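These come from Swiss-Prot:
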type    : residues : note
DOMAIN  : 2-148    : domain 'Globin'
BINDING : HIS65    : O2 binding site
BINDING : HIS65    : nitrite binding site
BINDING : HIS94    : heme b binding site
Amino acid sequence: MGLSDDEWHHVLGIWAKVEPDLSAHGQEVIIRLFQVHPETQERFAKFKNLKTIDELRSSEEVKKHGTTVLTALGRILKLKNNHEPELKPLAESHATKHKIPVKYLEFICEIIVKVIAEKHPSDFGADSQAAMRKALELFRNDMASKYKEFGFQG
């Protein structure tokens, strides 16, 4: 189920457009995640008290977390499925410390695609979107596999 060279070209090409403004992209991803799937916000003690979009937008912690999420994802994507060294500690923390269900990874991955499509409509056509979805599915599947290794059924 790996990606072809052409698919990786699409993924890394759009990621190069995302990277210069990870904080804005990441902030939007986190806010959208909380809007569309409010149950995910309950996983974050530091975000539980943020009740409005304005509060979420003005939170430096939301921006910081969004940047952290997309920075980690970018490192994994750039490794083109040779991501074991980056993925293992991420999966371990999400499985054993944070207890983030795989379902939530599905939610955030789809939101990442939507946010990129909104911010880069002319650069993120159907082929690029399909390639990104495939790369993110690979990431989720590998995270789920690691979760099981850590005894978390997530």
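Every residue gets a Cβ built from N, Cα and C, even glycine.
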In the domain 'Globin' (2-148), how many residues does DSSP call helix, how many strand, and how many coil?
116 helix, 0 strand, 31 coil
How big is the gap, in Å, between the Cα of the residue listed as 'heme b binding site' and that of the residue listed as 'O2 binding site', rounded to a whole number?
14
